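Here is what TrEMBL records for this protein:
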- 9-29: transmembrane segment (TRANSMEM)
- 41-64: transmembrane segment (TRANSMEM)
- 76-95: transmembrane segment (TRANSMEM)
- 167-186: transmembrane segment (TRANSMEM)
- 207-227: transmembrane segment (TRANSMEM)
- 233-250: transmembrane segment (TRANSMEM)
- 262-279: transmembrane segment (TRANSMEM)
- 291-309: transmembrane segment (TRANSMEM)
- 316-341: transmembrane segment (TRANSMEM)
Amino acid sequence: MMKFTKQNFIFLVGGMIIYVVDIGVDFWVASQYLCQEQYCWAILILCFRGLSSLITQIFSYEWFKNDWEGTDTGKLKWIFLVHLFQCGIFIRYWFALKYGCQAAFKQNNSEDASEAEPPNFIQRQAVDVVTDINMLRVFKTFLETTPQLLVQMYILVEHGKFNFCQYAAIVISFCGISISTVDYQISLRKSLPDKDEFRLLPKLVYLFYKLLTITSWILSISLITLLSVRSSVSLLIFLWICGFTWTLKQHTMFCKSKKMEYLYRMVVGIILIFTFFNIKGRKTKVCLSVYYAAHTVVTLGILSVYLFWKPTIIKEIYFTTVSILTALSLVLGIIFLVVYYRHFHPTTSCRLQACSDEADGEAGQQERGGTGRFQNFLMQ
C-alpha cells in the first residue's frame, strides 16, 4: 500500500472546499433560474442535486454500518441521524482529515507509532476513508454534475445566450467530471497493494482520455437533444438499460444486502452511459473496445442525421463548432485511451488476479483489514 502524503492531505482539504462551493453554486444557479421565472430548469437542477445527495447518503451510511458492525449501536444511530439530514459526507471528511493528518504529519515521528496503531494501520485508514469519499464523488459526478451539464449545454445552444460565465461553468464542469475519475483512480491504486504508483505522465494521459471521450459524448447527446428531446431521453434510457443489464450479467456482489446491490447496479448503469469502467477486476479489452466502438458509431450517426435530415442547420455557426469539437475530441480521446492502455496501465499480477477472482465472493464480505470492497470496483 502506498503512503498517504502531505500532498494528498492538501488535495483532501481542497476537495472538501470544492465540495462546499459546489453546493453553493447549485443553489445559486437554481435561484437565478427562479428569478428569471424559468421554473422548469430550476426544478431540474434541484432534482439532480437532491437525487445525488440522497443516493450518496444511502451508500455512505451503509458503508459505515458495514465497517462498524458489532460496535456501539449508539454511534450508528447518531451517524444515521447525520445522514438523514444529508450531512454524512462531512462526517467522512472529518475522519479523512483526522486520519490523513496523522498519516501525513505525525507518522514521521517514531514515538507517535504504537503497537495498537502501527504506521501501516494509520496509512491504511487514511487511504480507505479518502477512497470512500472519492467513490461517493464519482457517484455524485454522474448523478448530478453530468445531467446538470447536459441541461446547461441544451440551454446554451437552444436559446443562444452566450457569455463568459456560461462558457467557464461548462468548461469547469467538463474538467470536474474528468478529475473526479482521476482522483478515484489515484485512491484505488493506493488502496490496492499490487497497483503501481500513478505518476504524473500517466495521470495526464488518463485525464485527457476521460476528458475528451466524455466531452465528445456529452456534445453528441446535446446535439440529439436539440433535434428531439424525446429521442435524447429515449437514447439515455436505452443506454441505461444496457448498462444495468451488463452489471446484472457480471453478478456483482459489491454490497452485503441484495437491495443495496441492486441500487449499486442501477447507479453503475447511469455511470456507464457516460464512461466505461471495470466493475469486476477482470481484463476488459473486449468490453472496452465494444463500448467505445458503440459510442463512435452513435456519435457519427447523430452527425449524419443532421447532415442528411436537417441540411439547413449546417449553415449555423454553433452546429459547425459543436460538430468539429465533437469529432476532434472523440478522435483525440481514443488516441489517449490507446496510449494509456498500451504504455501506462498497470499489468495485473497473479496475486491481484486471485483477489479479483475472489472479490465478489467471500473476500468481498471481509473487513477492511483484509480484502477491501474497493477491489470490486476497479475504475478503468
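Glycine too: its Cβ is placed from the backbone N, Cα and C atoms.
Just so you know, TrEMBL annotations are computer predictions that nobody has curated.
Just going by CB pairs under 8 A, the stretch in 9-29, 76-95, 167-186, 262-279, 316-341 that sits most against the transmembrane segment (207-227) is 316-341.
Most Cβ pairs under 8 Å with the transmembrane segment (233-250) belong to 262-279, among the candidate stretches 9-29, 41-64, 167-186, 262-279, 291-309. Here the transmembrane segment (291-309) has long-range neighbours at 213, 216-217, 220, 223-224, 227, 235, 272, 276, 319, 323, 326-327, 330, 334, 337, meaning same-chain residues at least 6 beyond its ends whose C-beta is under 8 angstroms from one of its own. Same-chain neighbours of the transmembrane segment (9-29): 45-46, 49, 89, 93, 96-97, 100-101, 103-105, 130, 133, 137, 144, 148, 183, counting only residues six or more beyond its ends whose CB sits under 8 Å from a CB of the stretch.
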